[in-house]
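One structure is given here, and the rest of the page talks about it.
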């Protein structure tokens with residue numbers, strides 16, 4: 001397992017695509033910080049009576065979906081970028097190969113997600129300074145931890161979803177499109193469903209589950225524990241499908 | 001030694017490999033011959049666990065390939081030199097393969113020099129010629145210093161110097177007592193390289209025989225065409 005993980009890590013860092021995804025995340029952090037700064041400038045020049053109408057200037061909330069998407073694409077790349085013929089002659093034990101890939105995606109997702117979110121939250125904090133709510137959504141860094149933990153968890157989940165879809169569909173492009181549908185397509189459609197299906201369906205969409213896990217949504221369809229369970233089900237279904245495909249189909 | 005026992009592979013109604021049995025002995029270069037679609041590549045893929053047999057089994061050194069802990073130390077495989085990530089450097093390609101089987105990184109550098117790719121080791125694979133990719137595939141097969149080697153059409157894309165190099169390499173490996181199993185369409189090349197031949201057609205064994213017995217009354221090409229006449233696709 002150690003050798004297989006070392007090989008997967010070496011494979012990941014010796015091609016260009018992952019660095020492109022990191023650059024995309026870095027650019028989004030910078031873009032998010034710029035938006036925060038512009039909001040704060042606007043806030044400062046607005047009469048005090050109207051400042052209460054401002055939204056939060058925390059950019060991490062906005063860039064989290066982009067991090068999720070990039071990490072999911074990374075997961076799909078880990079599954080599909082190297083031809084199976086070569087990968088399976090080097091590591092013919094398919095369960096071991098899957099375990100190594102899953103461990104790599106989970107580890108990379110945690111590190112990338114935690115660092116990117118910490119940078120975004122830190123930048124937002126610096127820009128917002130000691131301004132009060134609502135432009136600053138939390139009073140101390142301790143208040144942001146539930147959101148931070150939920151967002152990192154969601155990033156790991158989307159990374160593993162990308163891996164599972166890549167293994168199941170055997171195509172980077174198709175896997176990334178399906179990830180896009182899960183992260184943006186379906187969540188845009190579910191609110192249009194008739195009541196009460198709209199709330200029920202929206203409540204199990206990945207982007208919404210992040211807020212439910214963090215416990216920041218009033219009257220949420222799911223409790224934080226149920227929301228974590230829903231995220232785990234996403235992983236089990238996609239990674240399980242990928243595993244069955246890898247184990248049963250010819251290379 | 002490679003042992004193929006009653007190996008069968010079906011894709012729906014099509015039988016690609018049909019109850020195929022043969023043994024590849026160490027110390028010899030064994031050629032694997034047959035018309036297009038005869039099941040040679042499918043057989044090789046089943047030997048290394050890439051394709052699941054419908055029936056039968058293939059053993060390398062007495063064990064199934066997918067049960068080997070560090071397979072590259074036992075079996076070297078060159079099936080498709082194009083089955084690589086073309087954006088990766090040649091050196092890095094061998095480095096990850098070495099890492100996957102606990103093989104030293106020093107061995108990678110030595111092998112690249114041995115196969116004549118030392119000067120291009122930091123080039124991305126897409127920039128290598130077909131012959132260079134073939135040499136990289138040979139290097140990958142040799143990485144774990146295995147006792148069993150399998151090459152599928154190894155001289156494709158090689159210039160005359162490269163063809164001579166791979167022929168001498170395979171002969172040398174067999175003389176060291178290793179098992180060398182090689183498929184090719186080039187009869188003249190096979191006649192120069194192989195000690196024994198396994199001929200298949202329509203997924204079935206046509207003949208397994210020493211090369212001398214096959215060519216005592218003519219060329220390998222004549223004997224091959226006579227044996228496989230009317231057995232193509």
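Placed from the backbone N, Cα and C atoms, the Cβ positions cover glycine too.
Pulled from TrEMBL:
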type: TRANSMEM; residues: A:21-40; note: transmembrane segment
type: TRANSMEM; residues: A:60-81; note: transmembrane segment
type: TRANSMEM; residues: A:102-127; note: transmembrane segment
type: TRANSMEM; residues: A:147-167; note: transmembrane segment
type: TRANSMEM; residues: A:174-193; note: transmembrane segment
type: TRANSMEM; residues: A:225-247; note: transmembrane segment
CB contact flag for the transmembrane segment (A:174-193) and the transmembrane segment (A:21-40), at least three pairs under 8 A: no
Interface-richest range of A:21-40, A:60-81, A:225-247 toward the transmembrane segment (A:147-167), CB pairs under 8 Å: A:60-81
Positions on the same chain near the transmembrane segment (A:21-40), where near means CB under 8 A and six or more residues out: 54-55, 57-60, 62-63, 66-67, 70-71, 73-74, 112, 116, 119-120, 123-124, 127-129, 131, 135
Non-local residues, at least 6 beyond the ends, that sit with Cβ under 8 Å of the transmembrane segment (A:225-247): 79, 94-95, 97-98, 102, 153-154, 157, 160-161, 163-168, 170, 182, 204, 206, 209, 212-213
